[in-house]
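*Asks:* Starting off with a structure, shown below.
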Amino acid sequence: MFLINYLSPGDAVTALLGSDALSSDIEAAREELGLNEPFWVQYLSWLTAVLRGDFGYSLFLRTTVVDAILTKLVPTMQLAILSLIVTLLISIPLGTFAARYRGSALDQGVMGVTLIGQAVPSFVLGLLLILLFGVILRWLPVAGYVSFFTDPLDALRHFALPALSLGTILAALITRTTRAAVLDVLNSEYIDAARSRGVSENRLLFTHTLRNAGLPILTMVGLSFGTLVTGAVVTEAIFNIPGIGSLLVNAISRRDYAVIQGVVLFITVAYLLINLSIDLLYGLIDPRVRLSEKGR
């Protein structure tokens, strides 16, 4: 990302001072900020600062990059959590029942809908939801942000459409993963043995199968976090939510490279931490993981 910003035409100084600024003023500002230094000097300076916890300073926001991210983090986290809840509420039941009734009209319908869902961009679904629920039916607000800490009910109304937009698209992928994982478990020998002992199908499905199918589902949810965050950038812009996504979009339009680099680095670290947390949860979900670790 640092290299891309370095090679991009223009810089923050030109965007800040404007095209009418004197070339001498622009050059003086560039010299003061160290933008005339060679690439490797600028990169090492930035990397050294990052290792100290200093992600830079935004000339446009007049604040540090860390403070800029922290002020926008709460709306994005609220949107991400609600979107994930929507994803799981849709995908787990659909994928489970599609696997339970494999080859039926229900299974074929679910697979067809999820195939379409994976092809539809989140912003297209967002615009359709705005048109239906905001413009035609006028049931829900189409823009704005209210924190759950201020008014939970009003916040839920404002987050309903963006969470549906982001969560439904991700649900298409998780539904297919759930179906494949559940089918794999249903076809295993110990499920056949449980059937032969007279265990009911519902108990097999919800007690034995889902727990053992949890690992691939959980893995896919973790890997899909990048999709969730990337989609949040566009979703926040559409629904005017002042989160990390809108911060990144505004930084790109202003060439605020310090903020761009800080946000991308933050998303990368968050992605790695979430996947590390999922790895730690494996042992809680599947005892076989704990046993294999002890046997090494």
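Keep in mind that glycine also has a Cβ here, set from the backbone N, Cα and C atoms.
Because TrEMBL annotations are produced automatically, they should be read as predictions rather than curated entries.
In case it's useful when we look at the structure, here is the feature table from TrEMBL:
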DOMAIN    73-282  domain 'ABC transmembrane type-1'
TRANSMEM  79-98  transmembrane segment
TRANSMEM  110-136  transmembrane segment
TRANSMEM  156-174  transmembrane segment
TRANSMEM  213-239  transmembrane segment
TRANSMEM  259-285  transmembrane segment
*Asks:* State the non-local partners of the transmembrane segment (259-285) in its own chain: residues 6+ outside its ends, Cβ under 8 Å from one of its Cβ atoms.
*Replies:* 1-2, 5, 46, 50, 55-56, 58, 60-61, 65-66, 68-69, 211, 214-215, 218-219, 221-223, 225-226, 229, 244, 247-248, 251-252, 293
*Asks:* Pairs of Cβ atoms less than 8 Å apart decide it: which stretch in 79-98, 110-136, 213-239 has the most with the transmembrane segment (156-174)?
*Replies:* 79-98
